[in-house]
Structure formats: C-alpha cells, structure tokens
Amino acid sequence: MAASEENSALFPIFILSLMAIPLVPYTILKLCHAATKTATIINCQCSACFRSGKYRKSVVKRISNFSTYSNLTLVLLWIIMAVLVHYIKNISHEVKVFEPFSILGLNHGASDSEIKKAFRRLSIQYHPDKNPDPEAHNYFVEYISKAYQALVDPVSRENFEKYGHPDGRQGIQMGIALPQFLLNIDGASGGVYLLGIVGVCIILPLTMAVIYLSRSSKYTGNYVMHQTMSAYFYFMKPSLPPTKIVDVFIKAAEYMEIPVRRTDGEPLQKLFMLVRSELNLDLKNIRQEQAKFWKQHPALVKTELLVQAQLTRESASLSPALQRDFRRVLELAPRLLEELVKMAVFPRSPQAHGWLRPAIGVVELSQSVIQAVPLSARKPAGGSSDGIAPFLQLPHFSEAVVKKIARKKVRTFPELQDLTSQERTDLLTQTAAFSATESQDVEMVLEMMPLITTDIAFETEGEEGIQEGDIVTMHAWVTLKRRNGLVIALPHAPYYPFHKEENYWLLLADSASNDVWISQKVSFMDEAAAISAASKAIQESKEGTGASMKEIKAAVREAVEKVKNGSRLVISKFQAPAEGNYNLTSFCLCDSWIGCDKKTNLKLKVLKRSRAGTRGGAMVDEGPSMEDDEEEEEEDDGYDDYESEYSEDDDDVRHDEIKETLANGSAHGEGSDSSSDGSGTDEE
C-alpha cells in the first residue's frame, strides 16, 4: 500500500519534469526576442500615423496583440505547471515506515505482558465487533494486528530489532510514476480506462498531427499556398506591364478562399463606381467592359475591388463585413507580393536569368499598396518618372496641393526634398495653406524616408580579368541613411492597418535584354544577424585569398562597423556570359516607400577564354583591377531604363546611359543620379 501511494505521488512530479524541460528555455527565448524587437523598432510620429491607431498602446490592443495561439498556449502550459507545483507541495508523499512499537503505543524493549495489554486495549477501540467504522477495521487489520504479530513472534521481533523490519533485511524498492487508478485496473471499468488512455494519449495526438500536416502541406515556408505559387508562376510573363500585375496578384488561392456573400453585392457595386477609373476599362465600350468585369469569378472581382479601395483610399465606404475582408486582403498582401517578386526573378532562361520588367512592376505595386496611392498617379508627369505618387505618400498632400506647389516650380519630389526645412515650410504654408502642425508632419516623414547608396564590386578568384565561363562574385554594400539619424524604423504608412517592416530588393540586371542576373532581398531590421553574416562572409573571403590573421581581423572589424552604421553586405555569384561588353544596372528597390529607389549603372567587360589560361603565378596575386571611364557619358534627365512603366507604351524598353565602367574584371559603382530611386534589400 505504501509503495502504491509513493508511485501515485511520483506521477505529477514526472509530468512536471517533462513540461519544464522544453517550456522554460522556450519561454526565455521568446521573452528575449520580444524585448529585443520592442527596443529596436521605431515608428513614424506624425499626426496621420497617430490617428490611424495602429501604434497606439491601448490595453485592448495589447491584449489583442498578445492573444496569439502560441502565446495563449504558452500561458496555459505555465498555469498547468503552477497547479502541479501546488499539488505536489501539498500532497503527502512521505512513505510511512512500519513501526510496531509506535503503533501499539509502546517504548522499545517492552515486555510481552505489556505488548498483550496494549493489544487488548486497542482491540476494544478498533476491533470490528466494537467499532463498525470501515476505517477502524482497516487500521486494525493492516496495522494493529500486524504490529502485534511482529512483536509476539520471536523471529519477527528479532528481525525488526536487527534490521528495522519484521521480515528481515529489505532490498532496494523501485517505484513507477503512474497514477493510482492505472495501477488498480480490473473488471469492466478497467476496459473503459484503457480505451480512454489510448484515445487521449495516442489517437488524439495522432489526429491533431494529421490535421496539422494536411493543412501545413498546402503552404510553403513563407506561409504562401502552393496553389498560389503555381498560379503566379503560370501567369507571370516577361513583358507583363504594371497595369496587369494586379490581375496576377489577385489570383492567389488565399484570396479565393475569402467568402463572397450575397449581401456583398450592393456594397461592391457602390465601390465599383468609386474606383472604376482605376480598373483600366475601355471608356469607348464602357458597358461591354463593365459586363466583362462582372462576369469574372466573384472572388476575383471582390479582391480586385478591395485592392483598389486601398489604392484609392475609399475603404471608409465599405460595409462592416467587407471591412473584415478588406483587412484580410491587406494582411496577406506583403507576403504574396514578395512571392510574386520571386516568381518574376525566378531563373527561366538558359542563362538562369529572371525578368526585370515584371519584378519592378510588382515592387511598385507593393509601394502603392502600403502607401495607398493609385497606380494612375505613377504615370510620368512634370519631369518625374514616378509622377505625383511620391507626393501623395506625404501627410495632408493631395493632387490639388501638388498642382499648387508646381506653380512655384517645385514639380518633382527631389526638388521638394532639396529645399531647406524653412523653405518647405514657407512653401506649404503660403502656397498650400498648411498649418504649422501639418508642415511639421511633412518634415517628420521626409526625415524618416530612407536614402540609399550602393557600393558594388565584382571579382573572380585567382584571375587577372573576368573571362567567359568564370564564376564571378559580387560584393555589394547597401547603405541606408535617414535625415533623423535612424536606421531601424517602420515606414510611414497611415493607411496600411498593420505593422510593416521595410524590405529592399537588390537586382543586378541587363535592362536592354530584360534579364535579371542576381536578385537578393535585404532587411535592415536585424542588426545582430547582419553582423554575424557579414563577419562570416568577410572572414571566408579573406581566408580564401590567403590573408594573414591580422588582416582578417581588421577586415572583420571594418565590416562590423559598417553594419552598425547602417550598411548591409550582399554577396552573390553568377557565371560570366560570352565575351563582350555588357551594360548592367543595379536596382535597389524599396517595397514600402515611393521615390526612394536607387539605380547604379555599370559596364562589365568579359574577356575571351584563352587556351593557355591566365591562372597561377603572379597573376593570382595581382587580382582584378579597377578602372573608371576617363569620360562619363551624359545622362538623360529622364528615368532611362528604370522608368516607371505606368505609361501608354508597355512593351518598349530603352537602353540605360552608362556612368561607370567595369574594366579587366572588376567594377565599382556608387549610386547614379536616377530620378528618384532608393531601396534596400534582404538576402534570401
């Protein structure tokens, strides 16, 4: 009986240990991650972002942000652990030692007559004939009778006095950590217990695992459905114009699962009239175009109208049910657009090149969705390739304000940025009738906007120059600066209802052939990960060249300092094409800001493969050389190849003017002055 009680007491201790082993370190890791994330992220402080409410730290919002499935599960497990600790602390888990003298109320060494008197006295109190209480009966049989027999029998008494137990020397007693009811299974109830145990401990976990695996098998690592990836891959075309990007974007399987209710008909009709000008309908045959639009799959119609509601800032007119669907569409948009970019740059040609034009169009759509700017606003106008779109992302700006400041010869966004703070304030207060607070909001946003520069170099290991077929390594430092001195910050996006981190795409492309040679995604949000990656890459690169330990440490320290100052290292490789001169362009595209993208023009010279080769000897030590053009070609005022493509001609691509030349196997470029380009990128 004592052994059974001890086994039952061990079971909660066993369960507590199993829960604590994974739960404690996971909780510590989660708390450290939350503390780091909270300490580093800074959001826009303008009045427009404040009114949006998404950064407001209300109690309800804190609870809502905390109430995720993982957090609630974590709290529930800790509550169970606390209950187990309380239970273990209060249960009696001590093993009762059999002590016959104490049971009979005698001292050690009592005589036989004293033992018999004590037994008779206790029998009058606990004997079943004298006391009908079942507990008294059990106590008499299990303890009093056994204690009397142990002391009356000479052998038992000798064993007790010698070994502490009436049965003599005792071996090691082992226990099993199972609850009491499992140790006493018998009869019909035992079968019920056994079925319950099998169902709870085996069948239920297996069922949950099968359901989880069946659902997760539909998604990729980025939580995008495989069906969506297939659709994006199929509909992506090399010359896909930006006006058609939306048609591909809305074909995501996640959007097809959003229910289309009968009650949505009238609100969607009203929304259609509000956004009709943005749907690229042929005005000459407007009736036929409208009929064709409504004949599409209802989910496609609903999703496209909700996307246009975001671009045109008409979400206030939506019904409560459509508001929920609208938020769902926007919540999924960033990750779907990221996968759409990957589909655009996915290697398809024999040279493993992706497509430049649709990649730029997808990133521009992402910018418009985050900033809630219509695609029609991106049509080139007033000498700006982005049109008036960059202006509309600023707080309190509208088309009327843009027209007013244009009369003062501020027609492009860079011209507004180049003004001093006082000049901008005077311009906005006097021309556009801005208040002091509104002008201050504009200054805050302009100070938050990223300024991107790129420093790119190409090299081949142990080569005098880049020859056809060589593996070329690109080293690119992407540097982000802001006028307020910050590096890590959330973008100004008052019309996007969720937190959105800035991401950047670095593309090395041949604009003339529409080929993307290299694509990398860069993020500035995690400085620790960037330091680790840059240190490792620089160390491996220097070790490959045979540098000394002192040189390696110096290079690593320099790289770490660059990362802390707002730079990110991108390293990628590609195979050198056939002999010739190649006019390449690196694009650094931001997925959240309009007018912050950066373009760098490069000329790559690939030499013919020599029969004898140029490897070995002194040529390995020389390494690639770097030369700049003696004379730079004059650059057009326009956007050249990276011109926003929301224009009438969707198929023509013009050649870039070259500003820097890569000679004898190496190139080095600083961002050239393209109209308004800047962005960052995160390694994939």
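Placed from the backbone N, Cα and C atoms, the Cβ positions cover glycine too.
The following features are taken from TrEMBL:
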TRANSMEM  12-29  transmembrane segment
TRANSMEM  66-88  transmembrane segment
DOMAIN    99-164  domain 'J'
TRANSMEM  192-213  transmembrane segment
REGION    613-684  region 'Disordered'
COMPBIAS  624-651  compositional bias 'Acidic residues'
COMPBIAS  665-684  compositional bias 'Low complexity'
Distant-in-sequence neighbours of the transmembrane segment (12-29), which means Cβ under 8 A and at least six residues beyond its ends: 74, 77-78, 80-81, 84-85, 87-88, 91, 177
Tally of residues which DSSP labels helix, strand or coil - the domain 'J' (99-164): 49 helix, 0 strand, 17 coil
Stretch-averaged pLDDT - the domain 'J' (99-164): 79
